[in-house]
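Novice: A single structure is presented below for examination.
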Amino acid sequence: MWLKLILAIVILIECIVVIYLPSHIESRIMNKKKHKIFNMENFENVASGAILALAFIHMLPEVIGLLNKNNLTIYCCFGLILISVTFLNITDILYDHHTENCSDIDNAEKNTNKFTINSASDKNIRDHIDIEMESLSIKENTNLSNNFIFDTFKSNAFFIVLSLFIHSFVEGLLIGSLKDKNPIIIVGLSMIAHKWAECLMIYKNAVKKTKDPILSSIYAWSFILSLPLGILVAVLSFSSNEFVEIIFSSIACGFFLYLSFNMTKDITVTKANKFYISFSYFFGVCGMSTLMIVFNYLEKSNVV
């Protein structure tokens, strides 16, 4: 019981630090000269590579094992992965479309304001502009009132957090359901070794992109508390559903594959930084792959 509690506290602290520390680092280095190696782009590349390794070495084999255990075809997993990748593409398109619409409304309002100043002497035109301004104001207020709903249900941040919350919750159930000391230590260390990459994904794709501070905090703390909550539920003797684990682990695997490449799309590659960008991504893949292989071996060998 105490060992599980210690692991839950360590992972909780790790998640808090990794989710909230990058924003402070970015604000400090914003006005400083960019370092060739130690900068946010390279750190994000390491995380992207680690996420790719997690998808192939940790999550996909886990799902395939559950499918074999329940005599289900592997195409179920690949179908869910394909659906999740397609879904994130659609939500990205919707998000970009929403951003463009907001920009168009702002530009229209600015142009109308200029037209009002230049034509103030004409009463008919002024009345027409007043009506147009009122319409724009109503439209803008409607957009503002719907922002919370849009950010919650139409951006991919919500679905990323939901999927990773359930996946992390199930990992907590796994730790909480173990009885022997050695497996608890091995599985716990494995969680600690890869949880930072998931935290960076939450920060990059949910916390950082969400303008509403309350919603951003909800996203962050939902994921931070997911694994300790899973441990608590398992300790209280609630069993997990393997079919639910198959569904959400497959979806999370698709999210990992998509986000591994999506997180690097805004990086500009130049002659000066292309080596560091390639090396950091390769380092993330190799480092996480090595960790997962070692912990999987220890878990199967029952050696600490």
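Backbone N, Cα and C atoms are what each Cβ position is placed from, and that goes for glycine too.
According to Swiss-Prot, the protein carries these features:
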type	residues	note
TRANSMEM	1-21	transmembrane segment
TRANSMEM	46-66	transmembrane segment
TRANSMEM	74-94	transmembrane segment
TRANSMEM	158-178	transmembrane segment
TRANSMEM	183-203	transmembrane segment
TRANSMEM	218-238	transmembrane segment
TRANSMEM	243-263	transmembrane segment
TRANSMEM	275-295	transmembrane segment
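Quick one: where do these features end up spatially?
Specialist: Using a Cβ-Cβ cut-off under 8 Å and counting only residues 6 or more beyond its ends in the same chain, the transmembrane segment (1-21) has close neighbours at 172, 175-176, 181, 184-185, 188, 191-192, 195-196, 199-200, 202-203, 207, 220, 223-225, 227-228, 231-232, 235.
Here the transmembrane segment (46-66) has Cβ contacts under 8 Å with residues 74, 77, 167, 194, 196-198, 200-201, 204, 242, 245-246, 249-250, 252-253, 256-257, 259-261, 263-264, 280-289, 292-293, 296 of the same chain, all six or more residues outside its ends.
Among residues of the same chain six or more beyond the transmembrane segment (74-94), those with a C-beta under 8 A of the stretch's C-beta atoms are 60, 63-64, 67, 154-156, 159-160, 163, 246-247, 250-255, 257-259, 262.
A Cβ distance under 8 Å defines the sequence-distant neighbours of the transmembrane segment (275-295), meaning residues of its chain 6+ beyond its ends; these are 36-37, 41-43, 45-54, 57-58, 186-187, 189-190, 193-194, 197, 264, 267, 269.
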Novice: Can you work out which residues elsewhere in the same chain, 6+ from the ends of the transmembrane segment (183-203), have a Cβ less than 8 Å from its Cβ atoms?
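Specialist: Distant contacts of the transmembrane segment (183-203): 3-4, 7, 10-11, 14-15, 18-19, 22-23, 43-44, 47, 50-51, 54, 58, 160-161, 164, 168, 171, 174-175, 219-220, 223, 227, 256, 259, 263, 284, 288, 291-292, 295-296, 298-299, 302-304.
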